[in-house]
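Enquirer: Found this in TrEMBL, in case it helps:
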- 633-644: compositional bias 'Basic and acidic residues' (COMPBIAS)
- 633-653: region 'Disordered' (REGION)
- 33-54: transmembrane segment (TRANSMEM)
- 215-233: transmembrane segment (TRANSMEM)
- 239-263: transmembrane segment (TRANSMEM)
- 284-305: transmembrane segment (TRANSMEM)
- 334-359: transmembrane segment (TRANSMEM)
- 380-407: transmembrane segment (TRANSMEM)
- 534-555: transmembrane segment (TRANSMEM)
- 561-579: transmembrane segment (TRANSMEM)
């Protein structure tokens, strides 16, 4: 996208001058090379999308397919050299495994014969006569297509062309329409091969789709909780903060208690012989340990910061006053989330198509297998980078839009006459001048996250080794370093976007200027901003706690034939993402407000010649906060002097 207008003139001044930390009198495009790079990158993504549509066959994954190259539930084209391919399977929508109780994994594939049938046998079939009767009454043929149903009991090849007896009762699984055996012994054998050792993508999507109604209900609950949390922060009071913190503590303790109780139930349940039950027990134990650790850390932090509640309430009241100048800021997460959902659905559809892109190969006995095309793994890697980079770009656009609106309202002398349409003004400036800056900032995130993914993958690979303790420890250290760097970059990007909204400078210059001015004035707002962000984080934790608790209760009632670890992780991730999307408005406004405050202190002194842009309420709040910090510093100094018997010298500021 080209930059419209080389300069945005407001006055005739064009001579170079020292930056004054004000919304600029003219703007120009920033980081245009990165915008061009992003355009080229998306050209590659569009090519992959087109290739996946042409070469992929997502229908094979979604609807299932037999061993002879036919997709169930549709009319198929013949495969050269496979006489049983190219059949009309419109009425045969279910995949039936002839030897579902004796599946084996050879190499990286399942050694099985699958057929498309019109219905799954819901009762056990003990003889070929019963198999023949089932075919005649239901129209569902359980033997290979080349054998006519009238010859089931007479053909000498019936033993090899028909399923091994007895045929267990089965039902169709919610996704892929697989006929899943229902007897516990047979299902355990089937699941151990198909779910645990088979296609990981099938396993993940099967777990998701088997609980799709529960997941949908939990997603709606998450949206409702996030909106309620926004309402709480919008009209926050001291009483609401106390109630809110109490709910967080109760929610954390309750979820931990439920997880440990479920683990106790699983260890004493006779159905633990099923593979799915053992898998669920391991997941419950992992969830319980992680949640207990998180709960302990958060409870300590809540205890340490409990005396900051009054200042926190005042801080959010000031933030809400800034939001009142542009109330539509609260609706920004809605369109951002809608765009993200659209992009993620498109990304998953392309991923499924890439996963099924392969060339048909005819094997022994006329069976058909699909060999992955060369270069698919490189496309997957490219596609993964596109997911992270584009998602961060969309979120960064929201951050810069909000920051631009806050900047416009803050640097407005007439507080009683707020500027017209600050959000539209911020969007237009972003769209015409600073998309390259957002692209560059969002690119730094995948640069850090991809090594984290690689390190995590290598760490999991080393778990199987007996003498890799030192290597695993080093990988954990690297993972933690990348995680800290990721969090730092997120904060750096936000300040850089705000500085760009003020000065109209490129990303690197903005990041450097923001770091300098925040370093000079860090004593004024570092502690205030930290516990404000901590309270917002607790809001996200509360949403996740209630959503996960609802998921635990819902999934636990249908656990016998379902590994619900993946659906629960998906629900927890979605809950945090939705809560972050909505509550990040307050975080962004808070960070932008304090950067504007630092700029105000740097360029003004409160005199009649250089009055502050901030209002008296904000200024008095900062003064009270500084008095509190100074009083605590003197108290700490006094305690150290009493302990050591020496007097500390005052630090020059």
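Glycine too: its Cβ is placed from the backbone N, Cα and C atoms.
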Enquirer: What residues elsewhere in the chain lie close to the transmembrane segment (534-555), defined as a C-beta under 8 angstroms and at least 6 residues from its ends?
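Expert: Distant contacts of the transmembrane segment (534-555): 211, 214, 217-218, 221-222, 225-226, 229, 232-233, 241, 244-245, 247-248, 251-252, 254-255, 258-259, 262, 298, 301-302, 305, 312, 316, 562, 564, 567-568, 571-572, 575-576, 578-580, 583, 586-587, 590.
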Enquirer: Same chain only, please: residues at least 6 beyond the ends of the transmembrane segment (284-305) with a C-beta under 8 Å from a C-beta of the stretch. Say none if there are none.
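Expert: Non-local partners: 245, 248-249, 252-253, 255-256, 259-260, 262-263, 266, 531, 534, 538, 541, 568.
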Enquirer: Are there residues at least 6 beyond the ends of the transmembrane segment (33-54) whose Cβ is under 8 Å from a Cβ of it, and what are they?
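Expert: Distant Cβ neighbours of the transmembrane segment (33-54) are 1, 346, 350, 353-354, 357, 379, 382-383, 386, 389-390, 393, 435-437, 439-440, 443, 507.
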Enquirer: Please give the sequence-distant neighbours of the transmembrane segment (380-407): residues at least 6 beyond its ends with Cβ less than 8 Å from one of its Cβ atoms.
Expert: 23, 38, 41-42, 44-45, 48, 322, 326, 329, 332-333, 336, 339-340, 343-344, 347, 350-351, 354, 422-423, 425-427, 429-430, 434, 437-439, 441-443, 445-446, 449-450, 493-494, 497-498, 500-502, 584-585, 588-589, 591-593, 596
